[in-house]
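Beneath this line is the structure, given in structure tokens, with notes to follow.
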Amino acid sequence: MFTGIIEETGTIESMKKAGHAMALTIKCSKILEDVHLGDSIAVNGICLTVTDFTKNQFTVDVMPETVKATSLNDLTKGSKVNLERAMAANGRFGGHFVSGHVDGTAEITRIEEKSNAVYYDLKMDPSLTKTLVLKGSITVDGVSLTIFGLTEDTVTISLIPHTISETIFSEKTIGSKVNIECDMIGKYMYRFLHKANENKTQQTITKAFLSENGF
Amino acid sequence: MFTGIIEETGTIESMKKAGHAMALTIKCSKILEDVHLGDSIAVNGICLTVTDFTKNQFTVDVMPETVKATSLNDLTKGSKVNLERAMAANGRFGGHFVSGHVDGTAEITRIEEKSNAVYYDLKMDPSLTKTLVLKGSITVDGVSLTIFGLTEDTVTISLIPHTISETIFSEKTIGSKVNIECDMIGKYMYRFLHKANENKTQQTITKAFLSENGF
Amino acid sequence: MFTGIIEETGTIESMKKAGHAMALTIKCSKILEDVHLGDSIAVNGICLTVTDFTKNQFTVDVMPETVKATSLNDLTKGSKVNLERAMAANGRFGGHFVSGHVDGTAEITRIEEKSNAVYYDLKMDPSLTKTLVLKGSITVDGVSLTIFGLTEDTVTISLIPHTISETIFSEKTIGSKVNIECDMIGKYMYRFLHKANENKTQQTITKAFLSENGF
């Protein structure tokens, strides 16, 4: 469980591919202060398990399923990544639960500076936007953000300079691919409401329905 | 409160049945380093209270309700079990919010190795799957996992080698029974949404209703 | 933050009422080992602040609001109370997240022994049950428990002998009043969901809506 507040940006030291799977080694320091084998760390928003570590780097195994569903394949040795440790039990009960299970990717189609904020348009598949809500939360490469604009296939987010400088957003350009996790609560609501509707016989206001109700 | 990251596998030393209740004694070491009477320990995902302990074993009382709702009855002297201490106040939620209150059991119907991951299909009652969501979280024998596939009665999970070697999954075969805890957040959402629907007065389109709406 | 694992039962030494407020002095020992002025201690699940203490007793001030919302008024000199210190930084969440902010009270309407467990029915206002979920958590007089049964106005819990002997449950009878705190995660989700519903535009059946549906 994470909160989408990036603690440090790390650097890819090596990427060993074995078939569709991958072992990643990442250089960093702060988040290794209290690390243990088996700990969960979000790398660009992807929850991965520490299988090896030293004082200034750690290694994770990445399943084919995860490689396929995320932008990991776009990374190379030297790429910067957003890092966050799992939520501290005595940490703040933040406003947004991030599981680190990436739902899909999006492409940056607009970057626009307006006074002290930078606006980004993220183009993504409607299967992702359908569970989102204006002013709701979304996680982009592990960063918890507010949805300022929402259409069928595009989400608009806005970042303050602090967030940009503390994350890899500073390296993003038009066309960059980013990992998207939709808000957990939205996904549950979408599934339960639709299941409830599916269970209901398809009741549309038909002539028969109105006549049954005495019209 | 747990998080679904197994700390150690223990071994059943003895199982004393009294009617439908049970007293379990379990051999282990790591998780007894800071144990106290009354501590909560998750045994295959079941939150149980320590009633006695020594340096290398502990005893717990199991209520009939818990024996009935879990796979404890399938265990025998020598069986391996997953163990996790309650979340440390300075610990981290490496998995998700796990209460240790098991919702039911499932049967393993498929085990398939694909590159560095092993996929398992878990067949369970639809009353359990109804509160789950794709890419959501589920606890299986106390292990926090991601839902990669979800149908009316089957959940697909995928484990990396590290998780398999650190838990009793390595001993599982087709037909094995496992304890299932559904994600707390999903259970709450499901209940609240359905209560909201129940509370809505059964709004039928009556003449009065249509005339109120200007027809 | 507490976790609902009772550390010690204390005894009311004195109750000084001033208008609707109250100053309580409680005899105990274990939980005073590391006490400081201003510390938080849960008394029957109510978070109260230590204003004075000696080696074997401590005093707390109780606000009128708290007296009104809890069962404190039912206590007298000599009454037993459940005591828990605030979660230590190196402690463990053996129960669940308990804030010590009591939501209301309930009345015990059934006590039934079954094998090694005792079942209690707690009758309470539906405003409390609405945020609860089966197999979820609830705090009763400061004790973290699992919800085994749930109806519109009644919660069923089940206690093992260890918990009964370590708390004031052994003194409870049919008709006893107990303090109830609903699970924080449930309350959080309930509020979040109802806020989302409020934001939805109020969709009424208009002429346009009917014509869109072919009338």
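Quick reminder: no glycine exception, Cβ is built from N, Cα and C everywhere.
In Swiss-Prot this protein carries:
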REPEAT    B:1-96  repeat 'Lumazine-binding 1'
BINDING   B:GLY4, B:ILE5, B:ILE6, B:SER144, B:LEU145, B:THR146, B:SER158, B:LEU159, B:ILE160, B:PRO161, B:HIS162, B:THR163  2,4-dihydroxypteridine 1 binding site
BINDING   B:CYS47, B:LEU48, B:THR49, B:ASP61, B:VAL62, B:MET63, B:PRO64, B:GLU65, B:THR66, B:GLY100, B:HIS101, B:VAL102, B:LYS135  2,4-dihydroxypteridine 2 binding site
REPEAT    B:97-193  repeat 'Lumazine-binding 2'
Comparing the Cα of B:VAL62 (2,4-dihydroxypteridine 2 binding site) with the Cα atoms of the binding-site residues B:GLY4, B:LEU145, B:ILE160, B:HIS162, the shortest distance belongs to B:GLY4
Simplified DSSP label at B:SER158 (2,4-dihydroxypteridine 1 binding site) comes out strand
Residues among the binding-site residues B:ILE6, B:THR49, B:PRO64, B:HIS101, B:LEU145, B:HIS162 lying close to chain C by Cβ (under 8 Å) are B:THR49, B:PRO64, B:HIS101
B:HIS162 (2,4-dihydroxypteridine 1 binding site) sits from B:THR49 (2,4-dihydroxypteridine 2 binding site) (Cα to Cα, rounded, in Å) at a distance of 28
As a whole number of Å, the Cα atom of B:GLY4 (2,4-dihydroxypteridine 1 binding site) is distant from the Cα atom of B:PRO64 (2,4-dihydroxypteridine 2 binding site) by 24
Excluding its own, the Cβ atoms lying within 10 Å of the Cβ of B:GLY4 (2,4-dihydroxypteridine 1 binding site) add up to 27
Between the two most distant Cα atoms of the 2,4-dihydroxypteridine 1-binding residues B:GLY4, B:ILE5, B:ILE6, B:SER144, B:LEU145, B:THR146, B:SER158, B:LEU159, B:ILE160, B:PRO161, B:HIS162, B:THR163, the distance in Å is 16
Span of the recorded 2,4-dihydroxypteridine 2 site, as the biggest CA-CA distance among B:CYS47, B:LEU48, B:THR49, B:ASP61, B:VAL62, B:MET63, B:PRO64, B:GLU65, B:THR66, B:GLY100, B:HIS101, B:VAL102, B:LYS135 in Å, is 35
Reduced to three DSSP states, the repeat 'Lumazine-binding 1' (B:1-96) has 12 helix, 45 strand, 39 coil
Students should find that the Cα atoms of B:THR66 (2,4-dihydroxypteridine 2 binding site) and B:ILE160 (2,4-dihydroxypteridine 1 binding site) sit apart, in Å rounded to an integer, by 30
Should one count Cβ atoms within 10 Å of each candidate's Cβ, the binding-site residues B:ILE6, B:ILE160 would be headed by B:ILE6
Helix, strand and coil residue totals from DSSP for the repeat 'Lumazine-binding 2' (B:97-193) stand at 24 helix, 41 strand, 32 coil
In all the protein chains shown, the tally of other Cβ atoms within 10 Å of the Cβ of B:THR66 (2,4-dihydroxypteridine 2 binding site) is 24
Rounded Cα distance in angstrom between B:HIS101 (2,4-dihydroxypteridine 2 binding site) and B:ILE6 (2,4-dihydroxypteridine 1 binding site) is 16
Spacing of the two Cα atoms, B:ILE6 (2,4-dihydroxypteridine 1 binding site) and B:CYS47 (2,4-dihydroxypteridine 2 binding site), in whole angstrom, works out to 13
Quick note, B:LEU145 (2,4-dihydroxypteridine 1 binding site) and B:CYS47 (2,4-dihydroxypteridine 2 binding site): C-alpha atoms separated, nearest Å, by 18
Cα-Cα, B:PRO64 (2,4-dihydroxypteridine 2 binding site) versus B:HIS162 (2,4-dihydroxypteridine 1 binding site), nearest Å, comes out at 34
